[in-house]
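Asks: Checked TrEMBL, it gives:
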SIGNAL    1-38  signal peptide
ACT_SITE  ASP93  active site, charge relay system
ACT_SITE  HIS127  active site, charge relay system
ACT_SITE  SER332  active site, charge relay system
DOMAIN    856-1135  domain 'Autotransporter'
Amino acid sequence: MSMARREYPRTMKRAGPKLLVPVVVAAAAAVATRPGWAQTAPVAPYQDPGRRGDPASWRTPEFTNAWGLGAMHAEYAYAAGYTGANVSIGVLDSGYYAQHPELPDSRFIPVTAAGVSGVLNASNNSHGTLVSGVVGGARDGAGMHGVAPDAKVFVGNTNATDGFRFGVSDPMFPASDAKYFAEVYDALAAKGVRIISNSWGSQPVDENYSTPKNVADAYKLHEAVRIRTGQGTWLDAAAKVSRDGVINNFSAGNTGYDNASLRGSYAYFHPELEGHWMTTTGYDQLSGQVYNKCGIAKWWCVMAPTGVPSTSYSGSASAPTGPTYANFNGTSAAAPHASAALALIMERFPYMSSEQALSVMFTTAQNMEPDPSRPDYTNNGLFSTVHPAKPGASNVPNPFGGWGLVDLRKAMNGPGQLLGKFDAALPSGVADVWSNDISDVALAARKLEDDAEHRAWLDTLKTKGWERGLPAGASDGDRIDYAVGAAREAAYQAREYQGSLVKSGGGTLTLAGANTYRGLTTVDGGELRIDGSIAAGAVVNPAGRLTVNGRAADIAVNGGVATIAGTSANLSVDRQGAAAVTGTTADVRVASGFASLGGTSGNVVVGALGVAAITGRTADVTVDGGRASLDGVSGGVSVGNGGVVNGNGTVRTLTAAANGTVAPGHSVGALTVSGDVRFAQGSTYAVEVSPSGASDRIDAGGQARIDGGAVTLALENAPPPLTPDQSRSVLGRRFEILNAAGGVEGRFDTPGGYLFVNPVLAYGPTNVSLTIDRNATPFASVARTDNERSVADALETVNPGSAVYNSVLFAASAQAPQAMLAQLTGEIYPAAYAALINESRQVRDAVLDRLWTVRGAPGRPGAWARLLGSWGSASGSGDVDGYTSSTGGFLAGADAAARDGLRAGGFAGYSHTGVHLKDQPSSASFDSFHLGAYAGWQPGALGVRVGAVHAWHRGGVDRAVQYGAAAESETTTLNAETTQVFGETGYQFALGGATTVEPFGRIAYVHLKNHGTPETGGAAALRVQEGNHDVTFSTLGVRGETRLGLTSRLQLTLQGSAGWQHALTGGQPVGSLAFATGSSVFSVSSVPVAKDAAVLNLSAGLELGRNGRLSVGYSGSLASRQSDHAVQGSLHWKF
């Protein structure tokens, strides 16, 4: 049997001034037909017909039986996907019947406090079970369902019936004391509930809520306890969890007073609780207000349905016999409707705080006002007089029904008003749309009320002599009045009476309504989209983005990003912000940052750190130190104070003031001026010329007045290489740079300041032209070093169409060509040659060390290997750049005795060398392959050792070159060969049986040949010429060796040498180079090979039995501007 056919017999009893909470009525037929309640065959699980996006599909018989759901438009929340599944609700009441199928233990969880569980006990009655059903009764196809049918509900127990008094304390119910309530409220809060629904208890007999004074008198009863005992009442326990963030919702009371009960009105006396405190009055099914009105609690009061079916049980609380349904009335039924509705709003907006979600419920409620067209009537099911109500047009809460009837349909669309500053903190990845028309009319009305209360409070202070505080001996009543008045005055002073919105977090929020709140809209993070409109200004901070597709007021971009495809009032950009306009704006100011103005804008002002790119239409443009690209249509344009304008657009007039620059186009281009042009003294006309014969130009329909100013010259940005004919077309060609139909009056200052060209201006009646001639100043005049002079002379012979040539040609100062010449020298090549010659020492040292190690040894053949690792540095001077180098590799060889102390052998090896210039982005690397032979003769104390080595080097060179607007990378493969022959002689002296010393003399000849090769890259690429580099070294020194017996079978050998190396011939490798596109050959040098250097070798070796030795060592070469260090590991083996 459906709920529509059920009838609920109504009886009534009095419990003091509180009307009877419903009588529980068994519905045996319904119980029998409910799945699982009767012993019948199994029934298939309930299949809910509700569908996403289809509110009507949720209006099942189960839904319509609980008519309050439809009154609050709950089906719209369900169709949007919100049924309470992700929110925890608290209920404090007279326990609940845990065996009711509508209240499954998967969602209904009893909370224990002071040993009392939330489930039904003998001290309770059915009231808590009824409340629980309204909050979250299951949607299972039978009976009714709650407002939040998937919510998790935590139930605390008053350990009493609803008949006990919620005054100071009810001696009949000791559980009403503050200690117990503190424990149960804390226990509920500890479960993470965001709202606690309070319908428990009855009005104390000594309290009256007819007038605000009556409510204040009830408050004083509680405060009297505090004054008398120093302790609070149960209200303090509720207030504590609200101050910690939990929302408490209290039923307004059932007697029919003009004000909510004290507990519902409590935030009036403690205004800091607003936002976490609410009360609910009753709404009758025939559209009427019933029970206590909101009264002084109107700012935190709503209407919600009462007189609905809900869950109950048969039998008594001490011995329930089974689940039933019963009619549920009073504001006891209204409060859980509102509490659960708030839970759905919290689920809908998970990024909102509890206070914010509450404000959504308040500001989207349907305002209700008395309906004078209908008389009051009595609803026997509600046991009270009903005051007819009708929807009101006001969005301001009233004493009749507060904010009005809860409307979940509208609440799903976001706030209806902003009640102060609203921080919408949407996390990254979250996007939401608020489609309501958001205002703040309630705040404007509250300001009027609060202003009047403020004036009255000042009068009270004056009348009672409290202007300097309470006098000594003030009565308890005066103390309470003063505390309440001071608290409300402080709230008045702190309250914001304009709604404002802050968008924070990385997510996206869209405002789709016509929003009229009066405060600022601030975007601190993520994106705010205005698809509707906002009536007040917007600020976009550095991490924020604002997109306007609708209409906005003034917008200030302070470091963030704004995109305006719709309409806005004034736009300002500062703190390196960015704005793009494709719609319409009023005036635009770009103090710092960038604005792309592609739509329609008013006057534009560009400050010193601003850039504006205008491709649409604007009114006048003032460039006061920044830069503006004029590629659209603008009014009068003025530029000064270091500002620059360029572009190919059309303007009405053009004025270049002192320190203002006009540079038409973006490379070569033309500005069109429909009216007059004026250049003031100290202004600049920056002209680019193209090898094609085109140049920057101003075409004016009016007069050109020239009161001085400079004309500067540059080649078109980053052109391709010029042909000789193109280059000649630049030099000596006449370029028209200004045409004025109304005539030309005045002259520019004489062009000057160019190192290598002479620009000449010519004036006609309606035009100004420019001719460029090459002067006699050579490029080498700005060179600082021999290398730079060498490359500058070669550059004079380069094809005149070369981009490198032209970058120097149009230099206005020496700094740019000097920096470019330093990069063009190709010093990496002689540096690489020098590094390869220096590194040759590592190979010959390895050979000579081998011959020294096996001197005078028995005639057994042997083999050896050496690992190489070295690093070096050469310091530059004012003329050449320094470099660093490193080498790693290995050598391996074998030898044998020939006759009478003569030993000969051969070896091969591989090494890798890298070279880097210190002050230029240039480097080279080589893979080297070595092949050599050697011999040593040790007939006695005299020793003679000789060797020859040939090495093949295959390498790569990389140079990065920047000139003008071009940045190039030049690369090549460079091959070279090294041949060296060397020899030494020495005479050893024995110092005891284990130590030997040998003075020696050495000579080495090194020949390096590099092959010619071209670089690939850009116009700065070079061609390496084949070259030969010869150096002869002599070394005089002394070496020694000592052997230490560590054990009977283990011997340590220490060797060392020190000497002085002198370069007899050569020592200055030179690179012969030319530009790859064609030029004369030029020579550059690097840091020379050290003329004199100290050389040092140290090693320690362990004998490996009778046949082998393993040693490690250090080798160094130290000179005034160069140093090389190496570490080696060697293995010697006898067969």
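Glycine too: its Cβ is placed from the backbone N, Cα and C atoms.
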Asks: Distance between SER332 (active site, charge relay system) and ASP93 (active site, charge relay system) at the Cα atoms, whole Å?
Replies: 10
Asks: Please list residues from the chain of ASP93 (active site, charge relay system) whose Cβ is under 8 angstroms from its Cβ, counting only those at least six apart in sequence.
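Replies: Long-range Cβ contacts: HIS127, GLY128, VAL131, SER132, VAL155, GLY156, ASN157, THR158, ASP162, SER197, ASN198, SER199, TRP200.
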Asks: Can you check how the pLDDT averages out over the domain 'Autotransporter' (856-1135)?
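Replies: Taking every residue of the domain 'Autotransporter' (856-1135) together, the mean pLDDT is 91.
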Asks: Using DSSP and collapsing to three states, where does HIS127 (active site, charge relay system) fall: helix, strand or coil?
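Replies: Looking at the DSSP assignment, HIS127 (active site, charge relay system) belongs to a helix.
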Asks: Count the other Cβ atoms sitting within 10 Å of the Cβ of HIS127 (active site, charge relay system), across every protein chain shown.
Replies: 28
Asks: Per DSSP, to which secondary structure element type does SER332 (active site, charge relay system) belong, with helix, strand and coil as the options?
Replies: helix
Asks: Please report the number of other Cβ atoms within 10 Å of the Cβ of SER332 (active site, charge relay system).
Replies: 32
